[in-house]
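S.K.: Pulled from Swiss-Prot, these are the listed features:
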| type | residues | note |
| --- | --- | --- |
| TRANSMEM | 12-34 | transmembrane segment |
| TRANSMEM | 49-71 | transmembrane segment |
| TRANSMEM | 91-113 | transmembrane segment |
| TRANSMEM | 128-150 | transmembrane segment |
| TRANSMEM | 162-184 | transmembrane segment |
| TRANSMEM | 194-216 | transmembrane segment |
| TRANSMEM | 245-267 | transmembrane segment |
| TRANSMEM | 282-304 | transmembrane segment |
| TRANSMEM | 317-339 | transmembrane segment |
| TRANSMEM | 359-381 | transmembrane segment |
| TRANSMEM | 388-410 | transmembrane segment |
| TRANSMEM | 415-437 | transmembrane segment |
Amino acid sequence: MRETKDLREKARQFLTILIPILITQAGLSLITVLDTVMSGKVSAADLAGVAIGSSLWTPVYTGLAGILTAVTPMVAQLMGAKRQKDVPYTVIQSIYVAGIISLAVIVSGYFLIDPVLENLDLERKVAVIAKQYLICIGLGILPLFVYNVMRCFIDSLGKTRVTMLITLCSLPINFVLNYLFIFGNFGFPKLGGAGAGLASAITYWCICLISLYIVHKKTPFHQFRIFGTFYSFSFAESMKLLKIGIPIGFAIFFETSIFAAVTLLMSHFDTVTIASHQAAMNFASLLYMLPLSVSMTLTIVVGFEAGAKRFKDSRAYSYLGISIAVGFSLFTALIILLFREQIAGLYAADRDVLLLTKDFLLYALFFQLSDAIAAPIQGALRGYKDVNYTLVTALVSYWIIGLPVGFVIGTYTSFGAFGYWIGLITGLAAGAVGLFFRLKRIQNRYIHTQSM
């Protein structure tokens, strides 16, 4: 990371950081896509089971991992303020927090999986597959959260290409493991949807160990000597992380759990509808990787500039990121319109699932446009360490506006399952508007304060 003088330099540095993050996010998303697609080749029940399992796991993981993303603005601002010596302490305390979070998830899951699944109106076979999937993926919870800390540290230094390479290594590992455990090839047990969870867990162990080795041994990370000094657990330092991380985590949880809630509310529909909904949602999640990557990039560059008190530069980066995300969303909207039948065909061989997935994809087109505005703004606000408003916005727009609208339309009109998607679009649009005005206010406040 370095100071930039004009828009061209900013664009060059922004893209240098963004492109590896985008590839990394797409790669991580492809792990879930591979789970879904390959499970769907076994049976519709396996596809639906993985869909339900993912819907329960994803909001929990993304919300708790969101707490750990506080590492990024904290380290970025330390680097901008030239306080490199404080970085190792922050990273180690974050690893302690990651371990505590992992233990809490494992213990909670042990007691809650059965009651939650029993209260869902699921076909017996689908419920069994969902439980097996969750148990298997739980074996990789600890390394996944530790990897998140390592990734945030690496990315906050602007070295996003490193995490990109780690992710690219993980894809063939996950594909091969899926091939072995889902289908039972080469003498391995045929586990179906559960095999997808086991494959992902093993993959998480691999990327965690690789990242730890790189941080410990490779330039420029080893010069920080992250593991060179033993630091005991500090409640005070952990609270600094949690003060920033908890609002981020809950905001992400409210956003991702709304999609999970919709899937669960749709559980009374038939297996074809659930499978089609999940297939379309998986593809929409893949498209979301660009605005999410822009968001993560903005947290790094805005945090760096804010730490250095260059607030006009941080504002310029914010609008650059939003422009890139919106431009890409318009392009992907065109792709969906032209190739939705081919996209649907990637997810299912069943004719009924394919036809219904095509219709769901049209709704995905609209809410990814709102994501292109909301996600980058969230990233910019996190760079300023302004996280509480994002939390409130997520709660109101998704749960107080989006979900009720979706439930009413989905339950009491002829739109049926599509009504829930209309609710999602409404919530995302409301959130985007609220976040935009917040960003303007924060930017003006910092610039005005600096000019006094």
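Each Cβ is built from the backbone N, Cα and C atoms, and glycine gets one as well.
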S.K.: Using a threshold of three or more Cβ pairs below 8 Å, and leaving out pairs closer than 6 in sequence, do the transmembrane segment (245-267) and the transmembrane segment (415-437) count as in contact?
M.R.: yes
S.K.: Are the transmembrane segment (245-267) and the transmembrane segment (388-410) close enough that 3 or more Cβ pairs fall under 8 Å, when only pairs 6 or more apart in sequence count?
M.R.: yes
S.K.: What else in the chain is close to the transmembrane segment (194-216), if you only count residues 6 or more beyond its ends and a Cβ gap under 8 Å?
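M.R.: Cβ under 8 Å, 6 or more out: 31-32, 34-36, 38-39, 50, 53, 129, 132-141, 143-144, 146-147, 150-151, 153-154, 162-163, 166-167, 169-170, 173-174, 177-178, 180-184, 222, 226-227.
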S.K.: The transmembrane segment (359-381) and the transmembrane segment (282-304): do they have three or more Cβ pairs under 8 Å, with pairs 6 or more apart in sequence?
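M.R.: Yes, since the transmembrane segment (282-304) and the transmembrane segment (359-381) share at least 3 Cβ pairs closer than 8 Å, they count as touching.
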S.K.: Of the listed stretches (245-267, 317-339, 359-381), which one yields the highest count of Cβ-Cβ distances below 8 Å with the transmembrane segment (12-34)?
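M.R.: The listed stretch sharing the most Cβ pairs with the transmembrane segment (12-34) is 317-339.
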S.K.: In the same chain, which residue numbers or ranges, 6 or more beyond the ends of the transmembrane segment (359-381), come under 8 angstroms Cβ to Cβ?
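M.R.: Sequence-distant neighbours of the transmembrane segment (359-381): 251, 276-277, 279-281, 283-284, 287-288, 290-292, 294-299, 302, 314, 317-318, 321-322, 325-326, 328-330, 332-333, 336-337, 340, 343-344, 387, 389-390, 417-418, 421-422, 424-425, 428-429, 431-432, 435-436, 438-439, 442.
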S.K.: Which bits of the chain, at least 6 residues beyond where the transmembrane segment (317-339) starts or stops, bring a Cβ under 8 A of a Cβ in it?
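M.R.: For the transmembrane segment (317-339), the far contacts come to 7, 10-11, 14, 18, 287, 290-291, 294-295, 297-298, 301-302, 305, 361-362, 364-365, 368-369, 371-373, 375-377, 379-380, 439, 443.
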